[in-house]
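Straight from TrEMBL, the features:
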ACT_SITE  HIS127  active site, proton acceptor
BINDING   CYS135, CYS140, CYS203, CYS206  Zn(2+) binding site
DOMAIN    4-313  domain 'Deacetylase sirtuin-type'
Amino acid sequence: MATPSIDKHALDSFHAHLSQSKRVLALLGAGLSASSGLPTFRGAGGLWRSHDSISLATPEAFAADPSLVWHFYNYRRHMALQAQPNPAHYALAELARKLPGFQCLSQNVDGLSQRAEHPPDQLQLLHGTLFELKCASRRCDYHETNFTDPVVPALAIPTGGVDPTSNEARREAAAAQDKGQDLDISDVKVPIPSISTKDLPQCPKCNAHLLRPGVVWFGESLPASVLKNVDDFIDADAGIDLIIVIGTSAKVYPAAGYIDEAREKGARVCVVNMDTNDAPASGWAEGDWLFQGDAATVVPELLKPVIGEIKAKV
Ligand code: APR
């Protein structure tokens, strides 16, 4: 991914501000994990097997077709498990260790920040995680941590023998997309079968409902404990010095609203994004920074005065 060079003057002024900052927020989005190979939601990459990813992320979609929705989430779990954290995940984890007044508000459910050993009490998972399963019934409180891939045998990715993470599959999908076809790499060769409800993940506690991914779907509330942690940080008398907005289109609320809340508490705003059109919803203000480029390159550079050099992990 080509990254434009970072403006030296802006970088110096950001470094000067960061070095004096005691209370810092970061708002993370799918662009943080893009260079780890995970697709974003909006724009290119937001399609899975011709389905708009967002249309599958609702309780209504799960109720209507749990097999389809589970295929989608099983595939995302598989891709996330294949991916590795990139230097930006490690840089943010290191900033958290160096700066106790740093909180990351992540919209990502891919588990990469956790695998980069981001301190858990400085990582607020606004939208949950792919690796937590919970009972689909609101009346049952069962939940579990689960990294099994596929999540149940019936959900094994139907590839007809083609590994969807292989170069062959990637080439085939890219060629189809060049021809204007909506083909995701998981589409290669074989259509997805409809799985009977009894073969989907079952709640072992109530024995009456399916398990579902422990992510926040459109129309659902954010986890109460996470909301409290975020509100406590934002409402503290000490104010906020800086919010770094990384790889998010900042279109989904309440997450996107935290940019303005931080601003109201005194924070200067720094945006890291490949696309310079993805501005904060309320627009730019005097003193904001915009660093265009791949988060995996830009974020370690931005944080260098506090965290030093981040070594690539293999
Ligand atoms: N580096 C930095 N930014 C990038 C990169 C990259 N390598 N690649 C893409 N981006 C930017 C895009 O320009 C876009 O602004 O990342 C952003 C991704 O935006 P979305 O796809 O909308 O993802 P996100 O903002 O995380 O979505 C928020 O919406 O679908 C729901 O719950 C889901 O958490 C998700 C939420």
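A Cβ is built for glycine as well, from the same backbone N, Cα and C atoms used for every other residue.
For the pair HIS127 (active site, proton acceptor) and CYS135 (Zn(2+) binding site), the Cα-Cα distance reads 17 Å.
Neighbour counts of Cβ atoms within 10 Å were compared for the binding-site residues CYS203, CYS206, and the top value is held by CYS203. The Cβ of CYS135 (Zn(2+) binding site) has 22 neighbouring Cβ atoms from other residues within 10 Å, across all protein chains displayed.
With a cut-off of 6 Å between Cβ and the nearest atom of ligand 1, the binding-site residues CYS135, CYS140, CYS203, CYS206 reduce to an empty set.
Around CYS140 (Zn(2+) binding site), a 10 Å sphere centred on its CB holds 16 further CB atoms from the protein chains shown. The average pLDDT the prediction assigns to the domain 'Deacetylase sirtuin-type' (4-313) is 90. Just so you know, the Cβ of HIS127 (active site, proton acceptor) picks up 20 other Cβ atoms within 10 Å once every protein chain is counted.
In sequence order, ALA136, SER137, ARG139, ASP141, TYR142, LYS205, ASN207, ALA208, HIS209, LEU211 are the residues of the same chain, not among CYS135, CYS140, CYS203, CYS206, whose CB sits within 8 A of the CB centroid for the Zn(2+) site.
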